[in-house]
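Enquirer: Quick one: the structure is below, questions incoming.
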Amino acid sequence: MTVFHFFNCAILTFGPHAVYYSATPLSEYDTLGTSVKAALVYLGTALVKLVCLATFLNVSENDSFDLYQELLKALIGLIDVAGLYFALTQLTYRNISQNHKFQAVGLGWAFADSVLHRLAPLWIGARGLEFTWDYILQGLEANANLVLSISLAALGSLMWLRKNKPKALIPIIYTCALIVATMPSITSYLRRGMGWHFPKVVGFELFTSLAMAFISWQLFSACQRPSV
């Protein structure tokens, strides 16, 4: 039963990444190498963030919300945006379209995040003798993160790669990118500042990820229309 529970949670956590790759044109254009490169960039970015967090953040003895610490953590979290910028603009890829590039980069980014933050807890906890919903919720949270990562990559693609975008959409693109980039700090405030329980936070993440995906898709479609 414990092994069955572990495999169910593992499929829920990592399965959507494989499904997204195989069910979209990414597999037809062989963009796996692009996703792997993006995953390696994420690991490098995570290492830089870890060093910054260990250097500048104080270790709190309680789990209360500290506004200064959370603002500093949000600022450090913007290193992800720099890493995503590097993955989208500086790495050399085979000849793929902008549409496929941001999806492959976002997919690799989200998969690396799931492996780094969820694989070890899943392996240790989901094989326990006592059933818990925490790892199922963790899998749902990974799905929300997948959608948010692809949305952020799409917004980054519009910011840094799309030159002829309508000027009226530029503030909306940057605002949406800022919201997605600071989502970890937002959920931290909901947990510690407002006392939300984990299921409610995951529900918020799922709703927000779908909303941001829809907005990002609308913005990307609007920027692809020929200007008149």
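Quick reminder: no glycine exception, Cβ is built from N, Cα and C everywhere.
Curation plays no part in TrEMBL annotations; they are all automatic predictions.
Fair warning: this is a prediction, and the values are worked out from it, not measured in the lab.
What TrEMBL records for this protein is below:
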type: TRANSMEM; residues: 39-59; note: transmembrane segment
type: TRANSMEM; residues: 71-93; note: transmembrane segment
type: TRANSMEM; residues: 144-161; note: transmembrane segment
type: TRANSMEM; residues: 168-190; note: transmembrane segment
type: TRANSMEM; residues: 202-220; note: transmembrane segment
Enquirer: Check the transmembrane segment (202-220) against the transmembrane segment (144-161) for contact, please; criterion is three or more CB pairs under 8 Å, pairs 6 or more apart in sequence.
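Expert: Answer yes: the transmembrane segment (202-220) meets the transmembrane segment (144-161) with 3 or more Cβ pairs below 8 Å.
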Enquirer: Hey, which bits of the same chain come close to the transmembrane segment (168-190), Cβ under 8 Å, at least six residues off its ends?
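Expert: Answer is 65, 70-71, 73-74, 77-78, 80-81, 148, 151-152, 155-156, 158-159, 196, 200-201, 204-205, 208, 212, 215-216, 219, 222-223.
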